[in-house]
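K.L.:
The following feature annotations were taken from TrEMBL:
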ACT_SITE  Asp33  active site, charge relay system
ACT_SITE  His74  active site, charge relay system
ACT_SITE  Ser248  active site, charge relay system
DOMAIN    323-452  domain 'P/Homo B'
Amino acid sequence: MWYLNRGGGLDMNVIPAWMEGITGKGAVVTILDDGLEKDHPDLVQNYDPLASYDVNGQDSDPSPRYDMIDSNRHGTRCAGEVAATSNNSVCALGVAHGAQVGGVRMLDGDVTDAVEARSLSLNPHHIDIYSASWGPDDDGKTVDGPGELATRAFIEGVTKGRNGKGSIFIWASGNGGRDHDNCNCDGYTNSIYSLSISSATEHGHVPWYSEACSSTLASTYSSGAVGERQVVTTDLRHSCTSSHTGTSASAPLAAGICALALEANPNLTWRDMQHIVVRTARPQNLIAPDWQTNGVGRNVSHSFGYGLMDAYAMVQLARNWITVPEQHKCEIPAPHLLKPIPAKSVVVLQLQVKECEGVEVLEHVQAKLTIFSQRRGDLNIQLTSPMGTRVTLLAHRAHDNSRSGFNVWPFMSVHSWGESPFGTWQLEIHNDGRLLAQVKTWQLTLYGTTTPPAYDLHKKVGGFPSSYNDDIFHNSIDDSSSNWRMVENRKDIMEVEGKQNSVSSCVKAEGNLCLECDPNEMLYKNTCIQRCKEKFYNSLLDIPGDITGPERNQTCLACHYTCRNCMGSLDSQCTGCYGDAKLYNVSATETYCYPVSLISDVLSEKCCDFFCN
């Protein structure tokens, strides 16, 4: 079980927790899936009938329906990852092998809103964690989420479940990578109520099936390319498998790790668990092109969230965790729109947040958009926070030919976790197709707290191994790593030098935070500076010259990660490159930074996809 015992920061770091006697005892996990083989020799000892039900058959026995091809094996495989029994020489060892596990048979039939709601609300004062490795079709063209009943079940779960501490919903982020799907189009993973989990391969790469989106909170190991190892677990007919795969295998690993944290502190709320995951996830050894450092110094990626979950760090942090302050939310609607987005163009919209009652420190951010589009898959949407964190809310989806657009769809991001909400938020909607689109409405819904969690006031927590001394290690890239240049966006958001700060040039402020600067200066991390630093550009470059007033507030926005200097957010707007790359002019208006080796290969050919029509 390579993902549990490799060591060297290349596993889920569960063994130190086990050595301290933490096995998930007292925690109850249920698997919402196609059934559970409750008499499997590696599951029977930890099987919990009170965490089980057959919604499809409407009885208390969650056993799967057997057929010639074992098509209903999924739930049994997921359950073994969580709570396969220890010291019995059978199959595998569950991450939380002291926890109780149950199963809900709900996928082997019509998956209606009522079926989902019944499953999500099963015995909520007994079950702690619901693990789900399913969702809408991962076909790159579906936009769907929970219905009215299931949505109510989520809300009831987090507000009333576990005697008011809140049910913990763990969700797989999706396997639609091959079809260029985006998990922000999946209303289950895109929900603030779910803890969305993605996958990393054995060698720390983004798997071929992975979906990148701004709602993913963290990752665990799972399968990868041919030749890379997969997940070992229980299988149907009292057998075992070493070939469990996909984000389906990642969510149960995350559920097991959360069960360990619950044994260390049974009083954790559903939001406490998300905070602990954010603070302890490790970006080290994960290779992705889009790592960035958010406004409070945490590294985050659309593919991996905040990094690999770390079981021992979570257990240690959970032991002395103080419940997070009450969650508040505020909604900031934009003025009435009906703004066309012509073919091959971009619309840039700004929204000033000057007041947000109860929210001083961000958790989840939603941009609720209504967009008409003659081809939805041509849209690409980015949101930049006042502290310079730029996220992709929606990437292109090549298979999405729908004319339905989006109707108040709540695109969610966790990338600004811990930031201040105050200042200028910038939304960019790119229409890269040949057909017209139109944005009708948009609003920000900001969730957070009045004060930071008590943990943030004294970051050091005793008891960690020396290599895991505080959350900065877990949420910053190790610059001694040989993967530094591949993993990190060269320390994207650098601190503003003191000599550049100009308090006197701030014309609007909220406490110590500047909201608007003198016209001759730019807003960066709620301070005023004379010019944008490297890897940032003046937002006025995005805005037509005929716009005046507040919509022309100057802020420093992030360049594309391939650009060292730029005049816009696209990869075709570079004006300077890093040492291993070189500027290449494709046209008078398109300048890219391509690796030197790539350019030499390209120029040796007469024509190629990059530079020729």
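Start at 1 and count along the chain as shown; that gives each residue its number.
A Cβ is built for glycine as well, from the same backbone N, Cα and C atoms used for every other residue.
Automated prediction, rather than curation, is the source of TrEMBL annotations.
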K.L.:
My understanding is the cutoff is Cβ-Cβ under 8 Å with a sequence separation of 6 or more in the same chain; which residues meet that for Ser248 (active site, charge relay system)?
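P.N.:
Sequence-distant Cβ neighbours: His74, Arg77, Cys78, Ser133, Trp134, Ala172, Asn175.
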K.L.:
What is the pLDDT of the domain 'P/Homo B' (323-452) when averaged and given as a whole number?
P.N.:
96
K.L.:
Would you identify the secondary structure of Ser248 (active site, charge relay system) according to DSSP, in three states?
P.N.:
helix
K.L.:
Given a separation of at least six residues and a C-beta threshold under 8 Å, show me what packs close to Asp33 (active site, charge relay system) in the same chain.
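P.N.:
Counting only residues 6 or more apart in sequence, the Cβ neighbours of Asp33 (active site, charge relay system) under 8 Å are His74, Gly75, Cys78, Gly103, Val104, Arg105, Met106, Leu107, Ala132, Ser133, Trp134.
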K.L.:
Looking only at Cβ atoms, how many others are within 10 Å of the one on His74 (active site, charge relay system)?
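P.N.:
By my count, 22.
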K.L.:
DSSP helix, strand and coil counts for the domain 'P/Homo B' (323-452)?
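P.N.:
Summed by class, the stretch gives 3 helix, 72 strand, 55 coil.
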